[in-house]
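Trainee: Below you'll find the structure I mean.
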């Protein structure tokens with residue numbers, strides 16, 4: 001049996017283990033160890049097991065992850081979500097489907113300081129669902145807008161998923177953040193346009209609301225200053241050259257703690273909860289990254305990426321055809337795998353292929369994160385769907401799944417635009433870095 005065939009068997013075994021609900025980190029590590037033993041023997045695998053976990057977790061670059069997680073944990077407990085929602089409700093609540101649009105806008109802005117889609121969806125659901133239900137919004141529109149809006153947390157920088165992609169592929173974190181800014185704004189705009197179209201086709205799904213007074217709108221704008229300051233400290237500091245992304249994450253975490261103290265919500269209970277969330281989330285991510293490094297050793301020694309590159313070359317497909325095939329595969333995998341696992345499993349295989357075709361790794365990274373984002377709202381395993389359904393006792397999963405379909409179509413339009421117009425992703429990085 002040839003090494004590439006063993007590599008394929010290993011990937012299939014990994015998918016089977018994940019399908020059997022084996023934790024992703026354990027599944028990756030187990031497949032990497034067994035496959036490595038088959039291909040290279042005990043000695044090589046023992047060396048990898050002895051060095052790789054320490055090498056991975058002690059990397060200075062990875063310290064950006066717990067700091068951004070901490071920033072999101074304290075920001076979500078500082079009441080930013082409710083402040084953003086109320087402010088945007090005053091500004092655009094009178095639009096056709098204005099509350100749904102305000103929810104999406106609040107998700108986009110809150111996601112920019114939270115960095116986690118699941119946290120964004122869960123936090124905004126607690127604020128928006130009771131309000132929209134009381135006013136009389138259709139449950140499908142409410143849940144669909146929340147599930148889709150929550151995904152903006154991994155696309156609009158600073159994003160933990162973008163950090164992980166940049167570290168795995170040895171790309172600049174700053175360039176990745178800049179590359180995601182325009183696509184993130186485009187995603188929010190398409191979601192809001194989708195909301196307006198839904199309300200136009202089904203007027204009874206969103207009751208009209210009175211327009212806020214000019215004074216109320218001025219107050220609403222003033223209330224959004226904490227998010228602007230926090231976002232400006234992190235992103236502005238990076239691109240003005242004041243500090244590195246890792247230092248920016250530390251500044252952001254300190255700023256989120258200071259913001260919670262300023263708003264007088266920084267109790268011992270809140271601090272304890274935020275630190276526990278930071279530790280547990282970081283531990284989970286680091287375990288997965290260690291498993292990924294072991295799996296990557298097995299994949300590389302199997303020669304599977306090289307064989308895949310040669311096979312694609314023999315097929316005679318144009319480079320853009322290869323990209324389309326990869327994206328279709330990602331969308332299909334998103335129906336069955338969680339987003340982070342999907343990215344970590346596939347990158348060791350597809351990234352060498354994409355770079356061999358001459359595509360920009362930053363552009364491809366934005367595409368990967370965007371398609372991973374779609375996986376969060378793709379039935380039957382879209383995690384955001386479960387988060388929204390669990391946020392309200394009488395909200396059925398089927399209702400959320402049906403409500404998110406129009407937003408999935410908007411996502412497909414956005415992916416097509418990103419593929420057709422790479423400048424949407426690359427203009428800002430090329431101009432500013």
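Every residue, even glycine, has its Cβ placed from backbone N, Cα and C.
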Trainee: For the feature transmembrane segment as recorded in TrEMBL, pick the matching range from 5-28, 365-388.
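Mentor: In TrEMBL, the transmembrane segment feature sits at 365-388.
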Trainee: Would you kindly list the residues that approach the transmembrane segment (365-388) from elsewhere in its chain, counting only those six or more residues past its ends and only Cβ-Cβ distances under 8 Å?
Mentor: 117-118, 121-122, 125, 129, 143, 146-148, 150-152, 154-155, 159, 161-162, 165-166, 169, 171, 176, 179-180, 183, 187, 323, 327, 330-331, 333-340, 342-343, 347, 395, 397, 400-401, 404, 407-408, 411-412, 414-415, 418-419, 425
Trainee: Thinking of Cβ pairs under 8 Å, which stretch from 31-49, 61-80, 145-168, 220-242, 400-424 has the most of them with the transmembrane segment (278-299)?
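Mentor: Selected stretch: 31-49, with the most Cβ pairs under 8 Å.
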Trainee: Check for me, if you would, whether the transmembrane segment (340-359) reaches the transmembrane segment (220-242) - at least 3 Cβ pairs under 8 Å, residues 6 or more apart in sequence.
Mentor: no
Trainee: Does the transmembrane segment (100-124) come close to the transmembrane segment (220-242), meaning at least 3 CB pairs under 8 Å for residues 6 or more apart?
Mentor: yes
Trainee: With contact taken as 3 or more Cβ pairs under 8 angstroms (pairs 6 or more apart in sequence), are the transmembrane segment (174-199) and the transmembrane segment (248-266) in contact?
Mentor: no
